[in-house]
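Quick look at what Swiss-Prot lists:
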ACT_SITE  159  active site
ACT_SITE  186  active site
ACT_SITE  279  active site
DOMAIN    2-119  domain 'Response regulatory'
DOMAIN    144-335  domain 'CheB-type methylesterase'
MOD_RES   53  4-aspartylphosphate
């Protein structure tokens, strides 16, 4: 992987250099000391991934992320000291297209390889996304059991740019919206609770983390909240699971959409929002093949037109809509 580093602290840059040295396939192509330099460097030599600090002089990491994704788009991972204290900035950067966030590896404390492991896992996940590898076996579609009340479900998947897009979509849903909503956003479990709280502040409907073993609940929005996949079981409950292990990025949108296609008994809509790579495209296609309405976000309103593009390419979406039109469409379907 060709990697650019954006950080104004020499010790942090050195910590990143040492961490990356554990994986010889990674190459540092440039180092920028502020966001403005990073924008210029990306335009001249776009790397595979940028490791972006948040708090810097001249231009901070949020604005630099916005500029890079608009001018020279590439994978961006936020790497900063104490990300838990900068959650809102992290979400803002993710809204502009950053994929993930992780603490800067500690320098000179404990085992250096152990300290580097979280960052290296994030980079590995990014490699999976931008490489668009598909290591799955064929998923067997099992028809749902007959009978039971017709319940309503909206299954939404998002990645890079997702937090801001989800906020826009959820804000437009009326307080009377009576379908269950389950969100799968590519976000580390460290940020999941904070993201649920933030989305709740933007929504007329309650938003919280999904609990293992509970069913989707009408009028509530549940967010996948761990680093495992979330699936719908035959009995209608949600479960967190490490399987399938072939999916490097967790939680996987495909895993959830496919489980909805297999087991949901009522009416459902699948929605695939902005994101890098192709996660969710095959699952959305399975939902369409089961007769569910499927929607992909259009290119013009996406921060990163990757996952919806992959869905459009395989004819997985019944409708391709701008972000502003998705919530009104959901309200119309479930009126």
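Yeah, the Cβs are placed from backbone N, Cα and C, and that goes for glycine too.
Taking the features listed in Swiss-Prot, we show where each one sits on the structure.
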residue: 53; record: 4-aspartylphosphate; CB count, 10 Å: 26
residue: 159; record: active site; CB count, 10 Å: 29
residue: 186; record: active site; CB count, 10 Å: 26
residue: 279; record: active site; CB count, 10 Å: 29
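Cα separation, residue 53 (4-aspartylphosphate) to residue 186 (active site), rounded: 19 Å. Residue 159 (active site) sits 9 Å from residue 279 (active site), taking the C-alpha atoms as the reference points.
According to its DSSP assignment, residue 186 (active site) is coil. Between the CA atoms of residue 186 (active site) and residue 279 (active site) there is a gap of 10 Å, rounded to the nearest whole number.
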